[in-house]
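Take a look at the structure set out below.
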Ligand SMILES: CC(=O)[C@@H](O)[C@H](O)COP(=O)(O)O
Ligand SMILES: NCC(=O)COP(=O)(O)O
């Protein structure tokens, strides 16, 4: 069974365009949890363009009965300060630069592995599971076990683009299936996320044993039409 973790970044983005506190991050989280989401994901970026540290702290009480996944670059002090305080279920480590438009690549472990090992050890000592944001690259995935991380999150934008543009879809899907298989053979759990939506999710999840999909941008857009509760229900119907 693949768990749905709802990313609330874009709810925060809308909230930040006025100083009146709506839409409420905690209220939206509760609606998604009531609808059956098994996790909430946030990505508190250094520039606080959407999720702010206070949002993360406010969510702790709301998210206590489901998984809390905090994403970020652990080489940023602000990220480590937040996770040290919150000790979330899972930390998903993403190699984003502070000014990136959005997450756009996985780690290059040939370069970053040594720096990540002590960070991963610290996060695990806090009780958090660690997932590394990775491209669908078998060679890179093969380097993950040496870091000590328990999971990878496959960066699914290339799949979503192939699906949307109906170009090289099967070969692109196969790359993700191969990367997931390699990870599972190495004893790693496999999560996935970025640009997944109601149209492309079903085909992606024909890849066996995807443990979690974290979805936010498209889900928020879909919820503008259907509401968060019904949108989450629609995703859960696809996940089975
Ligand atoms: C890591 C990833 O792919 C997304 O979870 C990320 O949180 C997207 O960030 P934005 O919502 O800032 O585009
Ligand atoms: N890790 C992916 C995530 O949390 C949400 O990505 P997106 O659905 O906003 O593209």
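Every residue gets a Cβ built from N, Cα and C, even glycine.
Going through 102, 110, 147 against TrEMBL, the one listed in the 1-deoxy-D-xylulose 5-phosphate site together with 45, 50 turns out to be 102. Among the binding-site residues 7, 102, the residue whose Cβ has the fewest other Cβ atoms within 10 Å is 102.
Closeness to ligand 1 is met by 71, these being the recorded positions among 71, 153, 195 whose Cβ falls under 6 Å from the molecule.
Proximity of the recorded positions (18, 50, 194) to ligand 2: a Cβ under 6 Å from the molecule is found for 194.
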